[in-house]
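Novice: The following block contains the structure, expressed as structure tokens.
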Amino acid sequence: MRLDRLTNKFQLALADAQSFALGHDNQFIEPIHLMSSLLKQEGGSIRPLLTSIGIDAGRFSNQLELALERLPRVQGIGGDVQPSNDLVRHLNLCDKLAQKAGDNFISSELFVLAALEERGTLSDILKAVGATKEKITKAIEQMRGGEKVDDQGAEDQRQALKKYTIDLTERAEQGKLDPVIGRDEEIRRTIQVLQRRTKNNPVLIGEPGVGKTAIVEGLAQRIINGEVPEGLKNKRVLSLDMGALLAGAKYRGEFEERLKGVLNDLAKQEGNVILFIDELHTMVGAGKADGAMDAGNMLKPALARGELHCVGATTLDEYRQYIEKDAALERRFQKVYVAEPSVEDTIAILRGLKERYELHHHVQITDPAIVAAATLSHRYISDRMLPDKAIDLIDEAGASLRMQMDSKPEALDRLERRVIQLKLEQQALKKESDDASKKRLEMLNEELLVKEREYSELEEEWKAEKAALTGTQHIKAELENARISLEQARRSGDLAKMSEIQYGKIPGLEKQLAAATQAESKHMKLLRNKVTDAEIADILARWTGIPVARMLESEKDKLLRMEQELHKRVIGQDEAVNAISNAIRRSRAGLADPNRPIGSFLFLGPTGVGKTELCKALANFLFDSDDAMVRIDMSEFMEKHAVSRLVGAPPGYVGYEEGGYLTEAVRRRPYSVILLDEVEKAHSDVFNILLQVLDDGRLTDGQGRTVDFRNTVVIMTSNLGSDMIQERFGSLNYDEMKDIVMGIVSHNFRPEFINRIDEAVVFHPLGRRHLSAIADIQLQRLYKRLEERGYQVTITQQALEILAEAGFDPVYGARPLKRAIQQEIENPLAQKILSGQLLPGKPVTLDVENSHIVAKQ
């Protein structure tokens, strides 16, 4: 018999049998060795063949092991192992059986038949476990499905559906799929397309996260519940596993062979299987090498003839990019568009999924949490889709709470640390013999006793609460299993079992759960097991940086005192500070228009009066950092072509992938202060872009993504009309001054731009009385730098006034003050520090001598 006539699987098993015999120190390869390796073979035919006729494969394997142990062992055979006469006889009989069946190659299942026909140990074991020639012959025919073994890889293609697909209907029967709520219209349209005679292949198209895969799972659940038309009853929904299909396909044509095996198996099922291909676009080009055919082209004939019932799912972008380009493939599919559900629909979906997440995280999810997850995610997470983003919020909030429940509560942790600290001190004091130490030791022992008692009481309480939570968890799991059993009994028509579960088991478990939940809600002092809207808001704030959580009292006070906080850094300019403060308060109180930025302001006024400083102060107030603002110098956008830098280059231009300067900054930090400095210096086309931002709080970047500006404060600064402010200051009141300046502004900016700004604020020029306060603020920064080097500096009032006088210039505002500080204070200080006249550690006073500021120690 020629070994090249064996199938690949049979050849591999023979090689394994040889190493098996070698490992057991047997001189010959016996039929038992070969049967043992065939039984252990991954993806082999023997195990499923024996299982199909009711033979326990584990018991059979044990019998073979015992027979192997009884074989004679020969030490030092040096790797020369030969097939025994018995094995050669068995293989010759396999060859005979293959020729009889009309096969070109000998497959491994014929070896079982040959073993039963021959006499020997293997034949006896097979008969002992219940194998007969008739049973095996029938099982082989069933396994082959009337096909001949015409190539060496024939065994690999068998059971292709089992290997390369996941049975969704089976998972639905076992209750492993999440419930599908709503989506009736899409499921109905999918069923309608599946009912067609030809081209009965729907493709679900929608944005990522809208629930395309869930629709197919919903279809599987409807099929097992019998809630489908006659044509779809008792059908199976199988999901194609592209990873398994491609994995390990090393040689050219191996992938195609596997896919062909799947298609052949599907053809044999005669329309009883609906194949679901998730990420359908991966089929286009899958397995394509030079000149080879890709998976998409192999599917086309089966799809066109209606032999293959297929449901695809892909996103809009990928459908356009891959499927639409292949018109022949596109026409074989019928599009079913899956839109994003509304907030109300999302709330219904979340209510349906609630129990699954409660069971997984061992927490209770309240209804306000569900409503908050849907509404807040819809408002604040703009780059993802419902219901996916809302489900993620619930999931993460549950995980966060579970993590807190599993770790030690903070109060207990604090007590434990204190006990350890006291014990360490106790050990140290025991070594001392003086009276003070003894007295301290007595006090310490008393405190330690109290703390240890407190700790043990608290620990008991914690353990009791944890046990109560675990109790409800077990009941919930039992209830879930009872409901799955009820569904299975209903489908199989077992009325006795149904009534037993429905009227006996479930009401009892529900009573237990109600009692346990009541007991749980009474005492919970250390553990929180409820996901509320506060937890959802907290998770969202962590994701986006947008403060949507309920305001703490401290934050409310801070917002009410916002003007005083800003005035610590910005001197004068009451109108500007009030306008900004009111906008932020409106936003945090939830009264601002949700479809516009928090506030948009145009700051007008001469240079050096605090326009940019107010923006920095606002960023510091909101985010505790001056750098937490997006600052764009509009003088960089003077040319028409520079405008594209804000939103990103259009397709085909260099830098298209990088995104825009403004849009990328806001995508990363949706809650920020945007400062457009010196806005009048920008090209007029920039204002066309800003119109959308100011009116709708949105902007589309170069790649077509919508960027959300609804949680930003947009501030533009300009020097327009500053000469008029300088001239008329003092002679006109604020409103008259503002009218004159706005007249100049309206000549430079278009009316539609000015009309969209919340408020234009005119800054006053700074007077002498303001300069002393500004000088003090700027000196504080210098003191901080000196403090790091060990110098404590103070300034007298007289010196401060001289400094303010030196830095006063009505035209340039507060900027000359910086130069005055450098010349009058920093330069002399630097010289004295370097020469050693000022020593660290001693206080330094800045005073006046001969009309000059001097540093003394």
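Yeah, the Cβs are placed from backbone N, Cα and C, and that goes for glycine too.
Here's the feature list from Swiss-Prot:
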type	residues	note
BINDING	Gly605, Pro606, Thr607, Gly608, Val609, Gly610, Lys611, Thr612	ATP 2 binding site
DOMAIN	3-146	domain 'Clp R'
REGION	83-146	region 'Repeat 2'
REGION	159-340	region 'NBD1'
REGION	555-765	region 'NBD2'
Novice: Give the sequence-ordered set of same-chain residues, not counting Gly605, Pro606, Thr607, Gly608, Val609, Gly610, Lys611, Thr612, with Cβ within 8 Å of the centre of the Cβ atoms defining the ATP 2 site.
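Specialist: Along the chain, the qualifying residues are Phe603, Glu613, Thr717, Asn719, Phe763, Gly813, Ala814.
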Novice: Is it possible to get the count of other C-beta atoms within 10 angstroms of the C-beta of Gly610 (ATP 2 binding site)?
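Specialist: Taking every protein chain into account, the count is 25.
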Novice: Averaged across the domain 'Clp R' (3-146), what pLDDT does the model get? Just tell me the whole number, please.
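Specialist: When the pLDDT values over the domain 'Clp R' (3-146) are averaged, the result is 81.
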Novice: What does the DSSP secondary structure composition of the domain 'Clp R' (3-146) look like, as residue counts for helix, strand and coil?
Specialist: 95 helix, 6 strand, 43 coil
Novice: Neighbour count, 10 Å Cβ-Cβ cut-off, for Gly608 (ATP 2 binding site): what number do you get?
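Specialist: That number is 21.
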Novice: Across all the protein chains here, work out how many other Cβ atoms are within 10 Å of the Cβ of Thr612 (ATP 2 binding site).
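Specialist: Within a 10 Å radius of the Cβ of Thr612 (ATP 2 binding site) lie 18 other Cβ atoms.
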Novice: Hey, what's the Cβ neighbour count for Pro606 (ATP 2 binding site) at 10 Å?
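Specialist: By my count, 22.
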Novice: List, in sequence order, the same-chain residues at least six positions removed whose CB sits under 8 Å from that of Thr607 (ATP 2 binding site)?
Specialist: Asn719, Ser722, Tyr812, Gly813, Arg815
